[in-house]
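Now, the feature entries from TrEMBL:
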type	residues	note
TRANSMEM	24-45	transmembrane segment
TRANSMEM	57-80	transmembrane segment
TRANSMEM	129-150	transmembrane segment
TRANSMEM	157-175	transmembrane segment
TRANSMEM	181-205	transmembrane segment
TRANSMEM	217-238	transmembrane segment
TRANSMEM	250-273	transmembrane segment
TRANSMEM	285-302	transmembrane segment
TRANSMEM	308-328	transmembrane segment
Amino acid sequence: MDDEGDDAKRHLLPFKISKDEIDYVFKAYVIITMTWLWTGFTLTVRYTRTTVPKNELYASSTVVLMAEITKTIISLVMLLKESRFIFRDFYSKYYLDAPNELFKMSVPSIAYAVQNNLDFVALTNLDAGLYQVTTQLKVVTTAIFMMIFLGRRFSKTRWIAIILLFLGVACVQVSKERILVSNYVVGMIAVLATCVTAGFAGVYFEMMLKGGGTTPFWIRNLQMYSCGVVSSLIGCLFSEGDLIAERGFFYGYDLKVCAIVGFLSFGGTYISLVMKYLDNLHKSFASAISIILVAILSYLLFSNVFMSVYFMGGTALVIFSILLYNSVPE
């Protein structure tokens, strides 16, 4: 890593670290933090979507919009803190004078907005186990899009690791509950679409971050998230506009819903750090670890969760697949 990259990483860490340790510690810090953020997000969404009466539920599209607004504010604050730019100067340079760049970043912002809304649809119609298993298909879609957009090629060992990861998570999250056919169809369509949009948006954004351009990291984030605000607002109006007009934008909000907004906001920001400084597939493996944590915490917190031999075997398989994936060079 060059000195400029090391300085940027050191600036993002909440503690001091020596130059020799910066690369390893930064990777561990980002992945661990992101894992816990997405664990909190999944548990909180599961709780609110299954315990709150339907007539008291918040509009999920408003949560996505609030998260995009929060991420935009975070990016703006980090940009001003890190670069000491004058707001008027960088607004003119990277917004008014760069419409093509904004257009490019609107692509992943729309895809992410669609994905976030589909997550709520899937979690509403599928049990958590089936949802968690099927979303692991994004590991495969991510790898495919990396081959298409980034020209990445994976060894047989890494393909085996990806397959083992999916099988391991499937073992952990096998569900014996029966669900309505109508719910199953809607939920499966939503979760499969999520896998495609997540893989595409993640790799596209990684391509923009690592494409060799001179646009600063937080400018890229600001461009994408500001476009995300617009696309999420349009999503609010078209998907739940009547409901929001009748009940109000913040209907059903409480501390748990605010926590979901926070998890989604900071989780999205850390994902961009992974794609900038690490590898987009590391995000998928961090997501798999999060699923294991969700299962463990669900077992400890809720009485209706049973930890079977499938869970133990699946956990071991996931850990092995992660070690196998990282045992070979890029």
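For all residues, glycine too, the Cβ spot is worked out from N, Cα and C.
Automated prediction, rather than curation, is the source of TrEMBL annotations.
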Taking the transmembrane segment (217-238) as reference, the highest number of CB pairs under 8 angstroms among 24-45, 181-205, 250-273, 308-328 goes to 250-273
The transmembrane segment (181-205) and the transmembrane segment (285-302): do they have three or more Cβ pairs under 8 Å, with pairs 6 or more apart in sequence?
-> no
Same chain, outside the transmembrane segment (181-205) by at least 6, Cβ under 8 Å from its Cβ: which residues?
-> 107-108, 111-112, 114-115, 118-119, 121-122, 124-126, 130-131, 134-135, 137-138, 140-142, 144-146, 148-150, 220, 224, 271-272, 275, 280, 283
